[in-house]
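Contents: one structure, followed by commentary.
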Amino acid sequence: MADKPRNGKVTVVGAGFYGSTTALRLAEYDIFETVVLTDIVEGKPEGLALDMNQSRPIEGFETRVVGIGGGSYEGTENSDVVVITAGLPRKPGMSRMDLIETNAKIVREVAEKVAAASPDAVLIVVSNPLDEMTALAQLASQFPKHRVMGQAGMLDTARFTNFVAEEAGVPISSVRTLTLGSHGDTMVPVPSRCTVDGKPLTEVLAADRIEHLVDRTRNGGAEVVALLKTGSAYFAPSAAAARMARAVMEDSGAVMPVCAWVDGEYGINGVYLGVEAEIGREGVRTVVEGDLSESELAGLRDAAEAVRAKQADIADL
Ligand SMILES: NC(=O)c1ccc[n+]([C@@H]2O[C@H](COP(=O)([O-])OP(=O)(O)OC[C@H]3O[C@@H](n4cnc5c(N)ncnc54)[C@H](O)[C@@H]3O)[C@@H](O)[C@H]2O)c1
């Protein structure tokens, strides 16, 4: 509908697989005035934007996509939300941590430039390793911590939900799952918060099947990477980042699992970690402390210490 109100500007930095699919999803929501897609490569974001705009008559959306190449930030000024996807993806056999040095240089530079061009933006970081790059983006941007968050939990939770629905043979919509912790080995699936048609997951699936699905979720990214051979997942990841950007723009107050600054919740202090948070115009409104079993809480605290150790070194990268 041409007369529907559209507000704001969202910039997606990095026009690779993750960035371009995120930009298209954001444009297709048809709620933004402008979606800006940028990259260091000249021509790539411009070409992708042109292509996306030409899909508007078919898909019926009015949001304009603007492509900016050559590493320029001219045209991104005063964005409301900036999604940082710039950085290398994994190759088969690589862990997310193998990307840290290369991606730290990229994310630091991008966050500094974004902060200069859009000083009031909310940053959503997706570059890997996720928890460390989110912490680094906050450091480099000097933004308040609630205005910098990372995307991982939405994706990990969606993967878990998909696996449970397939295993139980039920529609996706009847399954609720939750994963917290870090985006990696110390991901913390939360079976006590998982249900199928309102019933506890433990009443629907056998314990060894749940354990198998938890493992598959934890390795969900690597499973896709191994099949693709080059590059990593982007359809489900872009859906997650786009929903977070939308929740910010609409000031929706939606509670989502995201990588947020935790300081006191669950007895954990001063670390970026995957938790549930209420998302609004200011970024993270509040970290939501849900009920966890003793072992889940212990897992979350272990994850916090594991990522804290790695985040402590990011200032030197
Ligand atoms: N958080 C998650 O859940 C999750 C999921 C999947 C992928 N990822 C990560 O997202 C990142 C992007 O993945 P992808 O599949 O789009 O990779 P890709 O290689 O397709 O795209 C990366 C893009 O970043 C651009 N780039 C590099 N340096 C830049 C800079 N300084 N400024 C602007 N652009 C720059 C590259 O030119 C390239 O177009 C990777 O780090 C990947 O590991 C995260």
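Cβ coordinates are placed from backbone N, Cα and C, and glycine is handled just like the others.
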Listed co-binder of NAD(+) (same site as G14, A15, G16, F17, Y18, G19, D39, V126, S127, N128, source TrEMBL) among N7, N53, N103: N103
In three-state DSSP terms, the structure that G14 (NAD(+) binding site) belongs to: coil
In three-state DSSP terms, the structure that V126 (NAD(+) binding site) belongs to: coil
C-alpha spacing of R96 (substrate binding site) relative to N128 (NAD(+) binding site), in angstrom: 6
Residues that sit under 8 angstroms from R96 (substrate binding site) by C-beta distance, when 6+ apart in the chain: R90, N128, P129, L130, H183, G184, G221
Cα-nearest neighbour of R159 (substrate binding site) within the listed binding-site residues, G16, Y18, D39: Y18
